[in-house]
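Asks: What TrEMBL records for ASP93, HIS146, SER435 is active site, charge relay system. Per TrEMBL, the feature domain 'Peptidase S8/S53' maps to 186-468. As annotated by TrEMBL, domain 'PA' applies to 282-356.
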Amino acid sequence: MRQIISSSLFNGASFSVDSQHSIKMIESIPNVIAVYPVYSIPAPDPLKNYIPLERNADDDETHLVISHDLTGVDQVHQEMKVFGNGVRVAVIDTGVDYSHPALGGCFGGQCKVGFGYDFVGNEYSAGNPNPIPDDDPMDNCSQSSHGTHVAGIVAANGTGITQAGFIPFQPFLGVAPQATIGAFTMSVGSAGAYTERSDMIAAQRVSEQGVYLTFSFGNAGSMGLQTCGSPSISPGAIAVASIDNLHAAQLQLFTPDNETIFYLPGTAFGGWQTTVQSIIIVNGMPNDGCTDLVKNVTGAVVLFAFSAADNCSSGVRCTRAAEAGATGCLIYNVGAILGSSTIPSASISMADGLKIVQIVGDNPLSIFTFTKSLGLASLATGGTPSSFSSLGLTGDLLFKPQISGIGGYVYSTVSSFTAQQQQSSAAYATLSGTSMATPYVAGTLALFLSHIGNPPPETVNDTCQTNCRPSFKKVLNLFQSNAIPVNIYNTNLLASAAQQGAGLVNAFQAMQATTLISPSELALNDTVRQATSYTIEIFNIGNETATYNISHSGAALATGLQAGNDVILAQPLYSADYA
């Protein structure tokens, strides 16, 4: 016997059995209702090196590193003066570095990180899967600082900080900066397209008690349709997809004419830790960098072109550069790179790589300036679905994801340990993933609860009008009804509901809504089981008489298979063949 659980939500036990005992044998034991396997679930891992398709220096200093203007959060802050006061948001993740000034600098009591628990202990890992729980949910040894980054998205206050090592690139606020964070160290989230798993049932029961649950839908957008994750597909949880931020804090180098080129540092050594001026040698060979270099690169930064047809990695190229005496390595037309373990290495976009080739071609002695400073890049994909965001529907054709949050290129807090590991001068990082979009949506729910007086979960009721918490279903209807549908990148097609759900969350519209639509989603099922008609109710929840004009906006048709081929497409085909 491993553990016995007895609560108002769940009664059960976990235990180990040998191979002679089948699940059917266990199910036959009197009073056993259901049997679920215990899964080993990997720790959450954000996309640290999700590279933009296009990026340009942003000359408008009024733009913020977090695009609250896309989601109505800035209006909630500025016009409604609502910041999440009184609401408790539990972050079940890798813990939180509560010593971070932007997260309050303390734990417990009246601190911003006011409560929490470590369910696994500091020594827990894949090689040591034996939990040793304790009362301290401190995140001070994880490589990505995932939980601290998530907590910052919800409730950081990165303004007015003067403490060395914690001054942000740009002052910023989380979505609900006056909310209280609860830090819980666990690992949740794994693949699974069906809704019968124990974690999904647990989510459903918690939701029924008046607690709103948001889960990341997954980062398997390059693996085709129905790549959703558990427990986001629970009927009692909001499954969140990701939309790219409008801007990103990126490291930068400068051309001789002081034009900005943004770079993504390699993960082995990192980027430039001091300001360095250097010429760039363009190697300029087929299979570039996979064989011995053809030019003298001693004391210079070398530039390689990447092609999918090449037969070597970034590590091989940059290692060759280092062995040949180069002081740095750049690779263009590639995403994240490992790079060299001994010299600064980085990837840049195709456009920037070709720009450097032209500059060097005109003047081989051109001096470039490499820095560790951040600049604000304007992203071409801003406001459109992130390419990594998983696609629905569920295996039983339920409507998931249900809504989107800002999850691509999100700047937030990390632990001091992680900052040191990443050779960063301040404890912040830009990460991407539906893991970032999910706390963004959770923050908007905190704003909503604060706005209505934060009625406790035990008051959940859909019939009373005041001093009670609306049910999960009603809140889902409200937020979906007021989400903003977005287009597929570089098209005029609305993204499929399987990609963005109802659209990008808009806190201001949800909190100022005068109309509620129920249901806010329709699962049409398959052709055989499809109903002949559906009923939609429109409720006027405002104070004035309203007249409604009904219209329809068709979203892109997502096709997961190519005609005449049974192989699943990694990227669905999108077309305007909507009804």
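For all residues, glycine too, the Cβ spot is worked out from N, Cα and C.
Just so you know, TrEMBL annotations are computer predictions that nobody has curated.
Since this is a predicted model, take the numbers as computed values, not measurements.
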Asks: Can you give me the Cα-Cα distance between SER435 (active site, charge relay system) and HIS146 (active site, charge relay system) in Å, rounded to a whole number?
Replies: 8
Asks: If one measures from the C-alpha of HIS146 (active site, charge relay system) to the C-alpha of ASP93 (active site, charge relay system), what distance in angstrom results, rounded to a whole number?
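Replies: Given the Cα positions, HIS146 (active site, charge relay system) is 7 Å from ASP93 (active site, charge relay system).
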Asks: Given the active-site residues HIS146, SER435, which one has the fewest other C-beta atoms within 10 angstroms of its C-beta?
Replies: HIS146
Asks: Ten-angstrom check, please: count other Cβ atoms within 10 Å of the Cβ of ASP93 (active site, charge relay system), all chains counted.
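Replies: Its Cβ has 27 other Cβ atoms within 10 Å.
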Asks: In the domain 'PA' (282-356), how many residues does DSSP assign to helix, to strand and to coil?
Replies: 17 helix, 15 strand, 43 coil
Asks: Reduced to three states, what secondary structure does DSSP give ASP93 (active site, charge relay system)?
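Replies: Assignment for ASP93 (active site, charge relay system) reads strand.
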